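Q: Please find one structure pasted underneath; my questions will follow.
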């Protein structure tokens with residue numbers, strides 16, 4: 001299971017960071033799901049091996065431009081590239097109104113089926129290999145977090161139990177692993193499903209939209225390996241800016257993740273004031289955010305950068321993948337256009 | 001006077017070409033005007049020395065997404081970067097309806113004055129040092145060409161005439177050059193404006209939107225040094241595609257420019273099927289478009305690439321500027337964000 005960050009800046013793009021968009025891929029297959037779609041997400045995709053034709057669903061956290069202004073262009077390019085497969089759009093009702101207005105006023109033609117699902121507390125959707133649910137957040141407009149859980153965990157046969165019950169290896173093992181009912185030579189009847197166990201716990205990640213109350217995610221984060229959350233400022237800058245924009249600081253998110261013992265925390269959506277390579281004495285470094293979060297959080301901590309891909313291994317471990325590992329993962333995907 | 005191409009692809013971006021946007025700067029000052037604003041125009045600007053805060057007007061040729069989906073993001077970033085100066089938007093009424101709908105549905109806040117001027121045959125506007133007029137084109141939606149003419153040509157004093165009239169050099173020359181009325185010591189009265197002559201003819205360029213009838217631009221192109229026009233395909237591909245999309249092929253535009261003796265022709269808006277560096281035998285090269293145009297046109301011909309800057313010299317000559325020349329031109333502009 002992999003997450004690729006296509007944009008990690010809040011509000012406006014910088015030369016190093018685009019605005020929000022995160023691609024999530026299951027372990028197998030070429031399908032993927034996109035959370036948020038800031039302007040130029042389709043441009044970022046041209047520099048990855050993710051194919052827009054294999055995109056299964058776009059989940060929009062909220063209707064602010066830096067999270068959805070790339071949607072019309074991405075949908076238009078899918079049309080130009082001959083997409084016929086259905087696409088699901090999930091988000092607040094305002095996102096659908098926005099998209100419908102753009103389609104109408106700009107004569108945008110979309111012939112493939114585009115299904116809209118309004119996000120709600122009762123959302124339950126399976127797309128791209130994930131079971132998707134949602135949690136409402138606190139922001140100056142309706143904003144949501146999406147929880148994506150692996151929908152199909154491979155199973156293996158519990159051979160220890162079988163041998164304890166004196167069912168010895170035979171071609172019947174194969175049928176049991178398929179979940180079939182089997183009659184043994186001694187007359188016993190076995191239900192294969194009772195002898196199949198998940199090869200690993202289902203992996204899950206929460207990807208949150210803009211939010212000034214991380215604690216709203218307590219329930220959603222139960223059992224997840226990873227939380228992806230905005231950390232727009234440090235606590236000091238947040239106090240200067242004031243509460244009006246309703247963003248989180250790094251300390252706030254880190255304290256929440258620590259209290260809930262979330263194994264890994266990935267921060268993103270950084271104010272453009274934080275630079276990767278500060279040049280002048282008054283420049284603020286992105287390392288300020290890392291230091292603040294690390295002070296409050298003892299788990300695995302990352303600050304996302306554009307085009308980084310993170311993996312969640314079957315054992316639940318989250319790590320930054322090397323470019324080579326990413327390419328091995330996706331060496332069967334089609335190459336992009338010029 | 002300079003033109004910088006920020007996007008030269010039609011329909012969808014490629015790795016080498018963004019969708020339509022062209023920046024036009026007068027000879028002096030940091031102000032500039034933008035024709036079209038495809039998605040990610042603000043991202044392209046981050047890689048130039050053009051400042052969005054110095055942008056005076058955005059002229060949209062037509063409402064199709066590859067010409068205007070970058071508008072909301074650019075306006076939003078101007079707001080985030082503290083713009084207070086007014087900005088003029090010119091285009092078909094549909095562009096304003098589109099923008100108003102996006103502002104409403106996405107809670108986009110713009111505090112600086114944003115003025116909309118609906119394009120028409122009687123458009124006469126002065127912005128960013130240019131006198132701007134418009135000509136309607138032929139496309140599958142309302143589409144326009146803009147003519148930008150240098151509004152303020154520097155004047156010099158006609159010293160030959162003054163000396164012929166026995167007005168000898170003195171501090172009065174300075175007042176005459178300011179266009180003042182001056183009384184000479186011998187009692188003669190001179191009107192300075194009559195002794196001022198333009199240092200060069202006013203330069204002018206026509207930048208056209210999507211169009212399948214270049215001949216509509218006959219009148220607009222009178223006296224221009226340069227026509228910038230789409231050449232989406234070769235004649236052969238146009239015949240395969242059919243007339244429905246209502247685009248021009250290279251031959252069509254070239255024949256028009258030749259018939260009207262337009263000194264320089266800059267082609268842009270190329271179908272993504274034409275590659276800068278063809279790799280496989282079946283790949284189509286962008287050179288096919290150049291060859292087709294050159295066959296019909298004997299003037300100065302260029303095919304635009306993203307980030308190229310072209311200059312129109314005072315003598316009317318059009319040339320591709322080296323990066324050094326561009327930087328000299330703009331070494332007083334503010335540097336962009338990170």
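Cβ coordinates come from backbone N, Cα and C, glycine included.
Residues annotated as region 'Disordered' in TrEMBL: B:1-20. What TrEMBL records for B:62, B:64, B:139, B:210 is Zn(2+) 1 binding site. TrEMBL lists B:66 with the feature active site, proton acceptor. Here TrEMBL flags B:66, B:67, B:210, B:269 as Zn(2+) 2 binding site.
For each listed feature, how buried is it and what is near it?
A: The DSSP secondary structure for residue B:62 (Zn(2+) 1 binding site) is coil. Annotation for residue B:62 (Zn(2+) 1 binding site): same-chain Cβ neighbours under 8 Å, separated by at least 6 residues, are B:68, B:91, B:92, B:139, B:141, B:142, B:143, B:144, B:209, B:210.
Residue B:66 (active site, proton acceptor): 27 other CB atoms within 10 A of its CB, across all protein chains.
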Q: Suppose we call a site close when its Cβ is under 8 Å from a Cβ of chain A; which of the binding-site residues B:62, B:64, B:67, B:139 are close?
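A: Near chain A: B:64.
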Q: Could you break down the residues of the region 'Disordered' (B:1-20) into DSSP helix, strand and coil, giving a count for each?
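A: Final tally across the stretch: 0 helix, 8 strand, 12 coil.
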Q: Could you list the residues of the same chain, at least six apart in sequence, whose Cβ is under 8 A from the Cβ of residue B:269 (Zn(2+) 2 binding site)?
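A: Those within reach of residue B:269 (Zn(2+) 2 binding site), by Cβ under 8 Å and sequence separation of 6 or more, are B:8, B:9, B:10, B:20, B:210, B:230, B:231, B:232, B:247.
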Q: Using the recorded Zn(2+) 1 site (B:62, B:64, B:139, B:210) as reference, state which further residues of the same chain have their Cβ within 8 Å of the centre of those residues' Cβ atoms, listed in sequence order.
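A: Nearby residues not in the site list: B:61, B:63, B:67, B:137, B:140, B:141, B:142, B:143, B:209, B:211, B:246.
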Q: Out of B:64, B:67, B:139, which of these binding-site residues shows the lowest number of other CB atoms within 10 Å of its CB?
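A: Each of the binding-site residues B:64, B:67, B:139 was scored; lowest Cβ tally within 10 Å is B:139.
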Q: Give the helix, strand or coil assignment DSSP yields for residue B:139 (Zn(2+) 1 binding site).
A: coil
Q: Starting from the Cβ centroid of B:66, B:67, B:210, B:269, which together make up the recorded Zn(2+) 2 site, report each further residue of the same chain whose Cβ lies within 8 Å of that point, ordered by sequence.
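A: Near the Zn(2+) 2 site, beyond B:66, B:67, B:210, B:269, sit B:10, B:11, B:19, B:20, B:36, B:38, B:61, B:62, B:64, B:209, B:230.
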Q: In DSSP terms, helix, strand or coil for residue B:67 (Zn(2+) 2 binding site)?
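A: The residue in question, residue B:67 (Zn(2+) 2 binding site), is helix (DSSP, three-state).
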